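Notes to accompany the following structure.
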Amino acid sequence: MESGVPVCHTCGEHVGLNVNGEPFVACHECNFPICKSCFEYDLKEGRKACLRCGSPYDENLLDDVEKATGDQSTMAAHLSKSQDVGIHARHISSVSTLDSEMTEDNGNPIWKNRVESWKEKKNKKKKPATTKVEREAEIPPEQQMEDKPAPDASQPLSTIIPIPKSRLAPYRTVIIMRLIILGLFFHYRVTNPVDSAFGLWLTSVICEIWFAFSWVLDQFPKWYPVNRETYIDRLSARYEREGEPNELAAVDFFVSTVDPLKEPPLITANTVLSILALDYPVDKVSCYISDDGAAMLTFESLVETADFARKWVPFCKKFSIEPRAPEFYFSQKIDYLKDKVQPSFVKERRAMKRDYEEYKIRINALVAKAQKTPEEGWTMQDGTPWPGNNPRDHPGMIQVFLGYSGAPDIEGNELPRLVYVSREKRPGYQHHKKAGAENALVRVSAVLTNAPFILNLDCDHYVNNSKAVREAMCFLMDPQVGRD
């Protein structure tokens, strides 16, 4: 972007320059940014119209690309017969990339070096025929990586799986029968009014029409249901390339709670732990806890949760634990030794379960202590009174427990950011609803992380799939589907 060349909306690479040295433009109607490699891929698949506006591509541009593609395929055939045609997959995609791949860093052609190495081998003693493994070992690692198939980043990140009509036909038949019966019912109701109670009859008919209309709206998605499949490997190939900065979008998680005596802190803690242990880059995840009751119990339970997360998060990622809420994981009635080949798993699982039981004891002790509020109010460890002793009149409170400047896990790795937020409240203002708490979280997150996506969870909604965010990004970050 610093060079002024736009970025392709399909692969994320620069669109490149044409013969005149200007940025490559495929559609002159809407100037949709697409690189030449993706443009050639679309032509190969038979798509000759713009993805954004639907206008057909220029005939002269199509002819030039077809000629260039023919020349490149001829040159590529001399270089290798088995090279894949992938999008910027470090393979042959344009004349400039072809020239760069045919030469090494010092400017010598690769084929010339190979010929010289073959002559040297020929002058030596004849050896038995080398095996396939030995031949691969003779090739430099860089060239071996080029020959290995990689996930094609140009492919869509999700697809629609059609449902067989044989499965839909019975349900659609039932819907049609219900519509017929509903029509006959309304015909009877309208043609047989109750004169002795006309107002009551009219009110009931209006209510029945409203419920029928709501039911009809509910049948639209059921008439043509859609199943979708996501491709997380393609998402990683496009936005998590090795040696380049991670380009996955950041996500801010909002968890709301009010009264810790009605919403148990242990359940809220499990929700927080399942968020912190997500299979997603740690610098892209931030968890904000909204304590709208300004309870010291919620604050102290988050202190214990942050300390336990330093052990729980690396354990989940090391052994691919599912689900990653400890209360629900340890309560599963399954064979936890299945598909776990690490000898240390049994030992570490037992130690982690023991740590979690001790963590539960500390949380329950805090809950028991909070059952009776002292007359002078709660006091913090340094002797100062808790600012939220009056839940209707207190200043705003923000505390960052984990994150870039917080404590790392037990292995020294960075953890996602965990932030406690209790918005300011003053007498005479009606600011005790959840919408206002969410608004306060938006303001705080805009200053700290400002992620483009927000996932709002209740305190008792834990994440039961650690890859859920990645699957969501297959839709939200897709160059085509994401625009919708």
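Cβ coordinates are placed from backbone N, Cα and C, and glycine is handled just like the others.
Summarising the annotation, TrEMBL assigns domain 'Cellulose synthase RING-type zinc finger' to 7-59.
Residues or ranges marked as region 'Disordered' in TrEMBL: 121-158.
Annotated UDP-alpha-D-glucose binding site per TrEMBL: Ser256, Lys262, Glu263, Asp292, Lys433, in sequence order. When Cβ atoms from all protein chains are considered, those within 10 Å of Ser256 (UDP-alpha-D-glucose binding site) total 20, not counting its own.
On its own chain, Lys434 (Mn(2+) binding site) has Ser256, Asp292 as residues at least 6 apart in sequence with a Cβ closer than 8 Å to its own Cβ. Annotation comment: TrEMBL describes Lys434, Asp458 as Mn(2+) binding site.
Per-residue pLDDT, averaged over the domain 'Cellulose synthase RING-type zinc finger' (7-59), rounds to 72. Residues Ser256, Lys262, Glu263, Asp292, Lys433, recorded as binding UDP-alpha-D-glucose, reach a greatest CA to CA spacing of 16 Å. Annotated pair Lys262 (UDP-alpha-D-glucose binding site) and Asp458 (Mn(2+) binding site), C-alpha to C-alpha distance, rounded: 13 Å.
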